[in-house]
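Single-structure report; data block below.
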Amino acid sequence: MGTVSSRRSWWPLPLPLLLLLLLGPAGARAQEDEDGDYEELVLALRSEEDGLADAPEHGATATFHRCAKDPWRLPGTYVVVLKEETHRSQSERTARRLQAQAARRGYLTKILHVFHHLLPGFLVKMSGDLLELALKLPHVDYIEEDSSVFAQSIPWNLERITPARYRADEYQPPKGGSLVEVYLLDTSIQSDHREIEGRVMVTDFESVPEEDGTRFHRQASKCDSHGTHLAGVVSGRDAGVAKGAGLRSLRVLNCQGKGTVSGTLIGLEFIRKSQLVQPVGPLVVLLPLAGGYSRVFNAACQRLARAGVVLVTAAGNFRDDACLYSPASAPEVITVGATNAQDQPVTLGTLGTNFGRCVDLFAPGEDIIGASSDCSTCFVSRSGTSQAAAHVAGIAAMMLSAEPELTLAELRQRLIHFSAKDVINEAWFPEDQRVLTPNLVAALPPSTHRAGWQLFCRTVWSAHSGPTRMATAVARCAQDEELLSCSSFSRSGKRRGERIEAQGGKRVCRAHNAFGGEGVYAIARCCLLPQVNCSVHTAPPAGASMGTRVHCHQQGHVLTGCSSHWEVEDLGTHKPPVLRPRGQPNQCVGHREASIHASCCHAPGLECKVKEHGIPAPQEQVIVACEDGWTLTGCSPLPGTSHVLGAYAVDNTCVVRSRDVSTTGSTSKEAVAAVAICCRSRHLVQASQELQ
């Protein structure tokens with residue numbers, strides 16, 4: 001694969017002069033020296049110029065996107081993404097049409113790559129003056145300006161060469177990831193290093209930009225430190241996680257650790273094409289890099305994930321919200337933050353690991369010993385979220401080797417389930433990010449453990465809604481997960497509840513902001529449950545003093561969660577939906593002016609029960625947890641006056657947060673309780689016991 005050239009300036013030229021430059025010997029040679037072969041453009045001019053002269057103009061319904069971080073932008077190179085239903089042949093036809101219409105206006109363009117296997121579209125070098133024209137082309141969905149991505153490692157001590165300190169008998173995981181292929185998109189790799197010799201195949205793929213301040217590319221062998229180190233972390237003989245995993249290297253970062261979104265997209269398409277041509281076992285793609293938020297980068301990751309590929313990425317080293325970066329913000333990617341030997345967030349000078357709701361878990365990322373490219377027996381220590389992501393890629397390879405049939409959703413749930421819980425000091429994170437950031441550090445499961453019997457659930461937070469009264473927030477589960485309950489949270493306490501609704505054939509959790517509120521979060525409880533069938537039963541406001549009630553009336557269905565929403569601004573003594581331990585077991589009860597929603601599910605052997613923990617007066621936090629063997633599916637507050645900020649699940653614990661009444665001037669003595677719905681599958685438990 002050829003190298004993607006860096007950006008250059010473009011000038012509009014009169015059409016006769018343009019043709020002279022293209023067709024004249026001297027002009028052709030000069031242009032080829034700078035920008036390559038323009039034969040395709042000449043053919044496009046000859047074949048399409050006349051036919052498109054009278055083509056009708058289309059209203060620009062497509063959108064334009066660019067990186068929010070100006071220094072990372074690469075104007076002059078654009079990814080043109082076509083609509084989902086576009087036939088693959090239209091990619092090349094649309095590209096030729098753009099070239100022909102640009103030439104009519106006196107502009108040079110160059111098609112750098114046409115995507116066929118990853119997404120419909122193409123990569124083009126052109127003047128920004130042509131964007132309006134390109135956005136009006138038929139089939140165009142959106143256009144994104146190219147931008148930079150960066151390796152996410154910080155050298156801890158480059159001068160020190162350290163021998164590996166691990167003993168072989170300390171780490172003998174089952175199968176060692178031998179059934180899994182790991183693709184590493186990074187710098188090149190020193191494949192003859194003793195840590196990885198015979199385990200790595202360096203492909204001929206290369207798509208990197210020129211280095212800053214230069215007009216050339218250094219040989220890959222001269223700058224393979226970052227990739228070599230990460231390859232050793234993933235599958236090194238002494239210091240690797242998955243010692244048996246095979247690894248393939250694609251070069252998308254230059255010697256300065258810098259690449260482009262477009263170059264990485266071409267690398268992902270290379271992987272997809274390889275997968276189609278020669279299907280193999282489970283694939284893990286390690287993306288130890290980060291750039292600004294990119295719609296097209298995230299879309300490409302989604303495509304690859306839905307094709308069965310597991311993608312693991314670095315959260316980023318900017319001490320910032322990971323949702324502002326790609327591919328860390330892609331929901332289908334497993335995003336990894338970095339911790340040190342004390343399980344605390346990694347600090348890198350004035351920066352450090354990224355955090356927030358887009359991070360799935362953390363992993364070791366400080367002072368990590370691995371292979372050094374200084375010599376074939378050298379080792380070096382490095383730090384960063386790249387190293388953390390490499391650990392999780394190795395763990396993923398181990399799990400997939402033990403259970404090759406695992407889906408991405410199942411793998412993610414297992415990574416979360418087996419992580420060390422509540423070991424990170426949350427005070428390191430900004431206050432508004434603490435509740436959103438998972439307190440999880442990755443760990444391998446017990447070597448003899450098969451978790452097929454376990455009911456797995458995780459908590460998914462939405463983005464923060466706007467502050468307007470009608471603003472809403474939506475939380476979604478992954479493709480193979482089922483939404484079992486929905487809750488909401490507002491730091492101001494001003495919200496209008498939440499509900500489960502259908503959207504695009506999937507259940508989603510929608511939370512509603514209230515007048516005077518600062519915004520709200522929707523919180524989905526997403527679970528893996530075979531053969532599950534769920535529905536929502538709703539009761540409108542009862543208008544009676546006894547409150548609104550709704551229950552699961554279908555035979556065999558059990559209550560997995562309750563939610564409510566209301567239109568009035570202040571319910572006063574609002575009582576949100578709860579499952580009470582006394583009375584009807586499958587019933588949600590709420591305020592008479594609220595609509596109450598019961599999430600009712602049926603699955604083989606599914607059984608649920610309620611746990612409630614209350615305190616006699618309002619406190620800032622009340623919790624209740626499910627016992628071992630049971631999984632939290634629903635979390636609600638009781639009673640839920642204006643002091644209650646909301647409820648959410650942390651691992652297997654239901655947390656209800658309230659405002660400190662001492663700061664509000666309130667004299668309320670109303671009790672507050674956390675109500676948890678705990679479920680398990682007798683069918684899965686029995687299957688596990690039979691295996692034992």
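Placement of Cβ uses the backbone N, Cα and C atoms for every residue, glycine included.
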Which of these links to C358 by a disulfide bond in Swiss-Prot: C301, C323, C378?
C323
C477: disulphide-linked cysteine among C457, C509, C526, C527 [source: Swiss-Prot]:
C526
Please report how many Å separate the Cα atom of C527 (disulfide bond) from that of C477 (disulfide bond), as a whole number.
8
Cβ neighbour count (within 10 Å, all chains shown) around C601 (disulfide bond):
26
If you average pLDDT over the domain 'Peptidase S8' (155-444), what do you get?
87
At the Cα level, what's the spacing in Å between C608 (disulfide bond) and C678 (disulfide bond), rounded?
5
Taking only the disulfide-bonded residues C323, C457, C588, which one has a CA atom nearest to the CA atom of C626 (disulfide bond)?
C457
Using Cα-Cα distances with a 10 Å cut-off, which of the disulfide-bonded residues C323, C509, C588, C601, C654, C678 are near C552 (disulfide bond)?
C588, C601
For C526 (disulfide bond), write down the residues of its own chain that are at least 6 apart in sequence and whose Cβ falls under 8 Å from its Cβ; none is a fine answer.
C457, R458, T459, V460, C477, A478, E481, E482, L483, L484
Using Cα-Cα distances with a 10 Å cut-off, which of the disulfide-bonded residues C323, C509, C562, C678 are near C534 (disulfide bond)?
none
